[in-house]
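Q: Dropping the structure in here first, questions after.
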Amino acid sequence: MLFYNKVMDRTAIKQLISRLITHFGITYTTYILDQLKTVGFKQATQAAISLGIDDLLTAPSKSWLIQDAEQQGYISEKHYRYGNVHAVEKLRQLIETWYATSEYLKQEMNPNFRMTDPLNPVHMMSFSGARGSTSQVHQLVGMRGLMSDPQGQIIDLPIQSNFREGLSLTEYIISCYGARKGVVDTAVRTSDAGYLTRRLVEVVQHIVVRKVDCGTSENIFVTPLQNNYKKNNKLIGRILADNIYINGRCIAIRNQDITTNLVISLINFQRKGIFIRSPLICKSMLWICQLCYGWSLTHGNLIELGEAVGIIAGQSIGEPGTQLTLRTFHTGGVFTGDIAEHIRTPFNGIIQFDTNSVYPTRTRHGHPAWICNNNLSVVIKSKKKLHNLVIPTQSLLLVQSNQYVESKQVIAEVRAKTSPFKEKVQKYIYSNLSGEMHWSSKVQHSSEYIHSNVHLLRKTGHIWILAGNFDKDNKFSFIFYQNQDKLDNKLPIAKQTLNYFQLKEHFLNNFWNSIYSSIILYNYRFLEKKNNKYEKKLLFQFMLKLPKNGILKQNDIFAIFNDPKYRIKNSGIIKYGNIKVDLINKKNDIFEDQKTKTVRPRYKILKEGNFFLLPEEVYILDQSSFSSILVKNNSFIKAGTKITFNISSKITGFVKIKKKFNNFKIKILPGSIYYPKEKQKNFKQNGILIPPGEKIFEQFRAKNWIYLEWIVLSKDNSFFLIRPAIEYKIIFNDNPLTLPIPFYLDLLKEQKKIKIQTVKYILYEDSEEVEINPDTDIQLIQTCLILNWETKVFIKEAHISFIKIRINKIIKNFFQINLIENINLMNKKKNNNIILNYLFKKKRYIINQKDCEKILLLSKTWGIIRTPSNKNQEKSFFLILSPFNLFQTILFDKTKQNLKIENNVEKLFTYEPKKIIKTFNIEKRKNFVEFLGLLGYLQNITKSFQLFSCKKFSDKSIPINFSIIDNLKKKIKISKWFFLNENKKVQKFFLTQNTILSLLNWSFPIFDLAKKKTQLFNLGHFFCDGLSIAEYPTFSESGQIIAIYDDLSLVIRLAKPYLATGGAIIHNNYGEIVKEGDILITLIYERLKSGDIIQGLPKVEQLLEARLTNPVSINLEKGFGEWNKDMTNFFGSLWGYFLSAQISMEQSQVNLVNQIQKVYRSQGVNISDKHIEIIVRQMTSKVFTLEDGMTNGFLPGELIEFARAKRMNRALEEVIPYKPVLLGITKASLNTQSFISEASFQETTRVLAKAALRGRIDWLKGLKENVILGGIIPTGTGCEEVLWQITLEKQKNILLKKNKSKLFHNKVKDIFLYKKLSISFTSEKIHKNY
């Protein structure tokens, strides 16, 4: 007996009790433990241990640990504000920082108690294992730590206080959900564990040890592990299935139990593996034998006959269910959890490696790192030392080449060999301010959300929200102010007029749901002027597709013609013939289908030819209608056949049924079936189009175009489906429409011609399926008109205007195309003045007071109107840029002040009932040069600057003695602005105020350019908070530069950057207005999971119920390597297929046991393998019959016992074909030999009715049915059946010994007789020869 001289905690007590039982037995062990209990009570009484609040001592290191964690959190928040990390990376940093702080504080508790107060009651109770755990004490004297929200996500605000210090109100509210969830989870887990125990006991309640040896020859191979006591402990108490030989010497024989000494010997001799017996391989049908079960865990010796090991196994697995948790790990990302080890530097030095062998990436915390493709050689150099090391492939490098590293610094993280289980999780990012969305990265429209504002981010980039006050009331039909207008406080912004008369135009309004907003007009004819006469060139009906501003660029599509002969009403497949198609999508190759409301690509036809449509009949049914389908898949039906009760086939053809998402798609392919004689020779004709008159299979001639499709149903059933094909021809017309430019537009230059080219587009790819809804049609070919002109002309835009001409009292609509000349400021060298001419037009409207109601929206603050740059939105959406959204930065001074906008030009507006309303509208006669003022549309910064100080008048009523000139003199103040040249360098200009002498003429003199140029600040440039440039002060806010003044001050529009990774989903369009709290981005990231999304008790239940967890095997590569060794021996053998099925079933049993053990061991629960093996044995004890056996009486698909099937196959002449099946514990409980047990479990009425109809007999073999009927349960060492079984076993052994002795005696007699006969035979033969 060993002498213990140490602290006896829970683990030490367990080891002591185990050794006492092994050496002295249970009786003496009970006496010794009773003495230990008495000593413990005596010492506890003398110590008088009590627990008070003063015994809760907080570790002194807590304050600086929390301070350090807060500093790390502040740094993370700063990087997030700068846009360097996104929300998920920030959350990971906070979680791991506070988790590490909490764990370090937990480790500091025990040393602190030992040094300050070793006899502290809290310390003695918790760390001895008597009461309480380390985690519970940590919440009393350490910190509460991180908590989860109702969605299961971890809250990034930890509870820094403990229960000794007391929680604040915020901390208490945060902890409420987690605390209540713990109570609820405990109750739920208790009930779930109870029900799981009931199901487990139900499936194995009849398993009793009845025999000593079942005589099985099968075994299970296990490997003893070095220095792993827990895994080797499961070998102790098992029975050997084969002899063990070490160097030719037998150290253990078959049917010998494995003891601790034998395991130690196997480890010392480095035995690779041994064969043991298991309940999985026991040959007994209803019971189990002693040798397959092994030792009793209670007594430490061989299990006795009559023990109800099934009940023990069920309770052993179900009882620890309350200890399992339901938590999910909330960290993840690049290499999270799959880091095998860290590589550290041995000394200070400079690290060097090949930079071409690595590529950059981001760590899970957003820090820069590099991944090596192959094994990377790294050299660390110092003045006196040189160290070489190899970093494995796919490892993460945390340093750069030629960087100085310190001793013990982590330079790389090595990836684990087995990747952990992860799941993809979405995290929503919400806007912190109202404003306008902007992005600069490449964003593509999501194909899954064609008709929405969902976009996908191709690569990592920033999403900006430009600040602005959002007006929630957007129902106003008319806005007084235009983009960039200055707005005073309490002035009307917009007006809504109800019940008034308005002019009706001859064209439709904008389609706001279109991605490319446009004006669509119908019934226009294109005319060409020849000899002063108009001749009609195009008589078709074109649909004009024009921008809002009426400006077209070169090669723009402005009209579309849908030819009726290319319009189809039946579904089918498109097949290209000899047409040549440009498959590269360009600017004009995307359009929106108004009928299907989807955006599709279109492909330009380069060469005329033909294409084909393979017609099909398609029906889509929901999942609930699957039972009403009356036709079979891969069948051939005639026209008029009922497909469902309400649908009949219109054509004769081949039926294909496929499941598409949650619906079923039924396709009927018209045609005829042909079975070729030579399949290999005719297989080359698969998928080809055959013209009329050509031979098919050297037997028939085609009358029309046909398509051959090879269909394979099985190995021996394949044929050709001859399908009809509809031909469509494409013919080009190479006569472009030419329109001359009116002479008055360009008198001095040579006349230039505008060309309208006709281009045909096909809307579907080759082999693409076309599905058409009932009562609809789809266009296949579009004819488009493209505007073009001579390339020598330096004109980039053309303007389209509409004209109404009255001819003989009939008004007809025409349109005119004019080329637009851009104003070039630098070409006017002689004249330094640019004159802007504005025309005031008077309009008279007489409005009846009874029919008109006016609603005005008043401004709450003064600022600047900002129209969003997204053209998909209606005009009534607008932002007001107030001084709270702008700030001015003086580059020489670090002070910050609000922007004072002096450019105040207002619009005139008056309203008087039953009188003339006078409105003065300002219109530009020509485009003005682009100023570097406040930004307009952000898509094209250099072409969107306007002089907003001269646009509108303020909305005020006009008095009778009103003077416009006096008002203008008071309001207008012209500032000094900048221009941008092509190189985007800032150039200073001076704009001075000019006295207004004429109402129709303003002039602004422009002086020479300034000499100073700089490239430090560009208009429209985005920058983050904390940016510092050269000698200028640091920017204190993130934003966008929207104006630059001559005093070197910047006007900055406040903005908020959000970092998003590639693959993120953006929920708004470019330039769209978003409100505070709206969803901006959905980040997709990976999160660790423990084997599966379901964990703990639900995971165990999922495995025991045999539910599908993964469609593909997790350890596919490893399993294939192991099984391949055995499979190679079976290929080419008739029995190989049967043996492979048996091996796969045995391997599945072992894998299922390991998976269940993995869940329990991850939670610190140890269960003997033999208990789980008994459950798995019952789950795999049934097989499915495959064929209808008239002689054996089994139906196809019937569940029978595996042992019964093997026994009948040995007895019957005709074998029963069957396949193995894995049943869940619930289904296995409902498929037993006792219908009484099944009825008492579930579905009582169904089970009893089925048993009555089949005439089943219950032989009362199990425990449950005997309890129900009040009989004696057939278990226990004193049971009559067990005693009779023991007597029968003894008599059987005696009989076997007698038979063996008789057999040996008869064999000896036979040997002597054979020897005597052989001697006499040889002597006679020799005598004859002589």
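A Cβ is built for glycine as well, from the same backbone N, Cα and C atoms used for every other residue.
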Q: Of the candidates Cys214, Cys250, which does Swiss-Prot annotate as part of the Zn(2+) site that also includes Cys282, Cys289, Cys292?
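A: Within the candidate list, Swiss-Prot flags Cys214.
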Q: By a simple count, how many Cβ atoms lie within 10 Å of the Cβ of Cys289 (Zn(2+) binding site), its own Cβ left out?
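A: Excluding its own Cβ, the number within 10 Å is 22.
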Q: Can you check which residues sit near Cys214 (Zn(2+) binding site), meaning Cβ under 8 Å from its Cβ, same chain, 6 or more apart in sequence, and list them in order?
A: Cys282, Lys283, Ser284, Ile288, Cys289, Leu291, Cys292
Q: Three states by DSSP: which one describes Cys292 (Zn(2+) binding site)?
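A: Where Cys292 (Zn(2+) binding site) sits, the three-state DSSP reduction gives helix.
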Q: For a quick check of packing: other C-beta atoms within 10 Å of the C-beta of Cys292 (Zn(2+) binding site), how many?
A: 29
Q: Ten-angstrom check, please: count other Cβ atoms within 10 Å of the Cβ of Cys282 (Zn(2+) binding site), all chains counted.
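A: Excluding its own Cβ, the number within 10 Å is 25.
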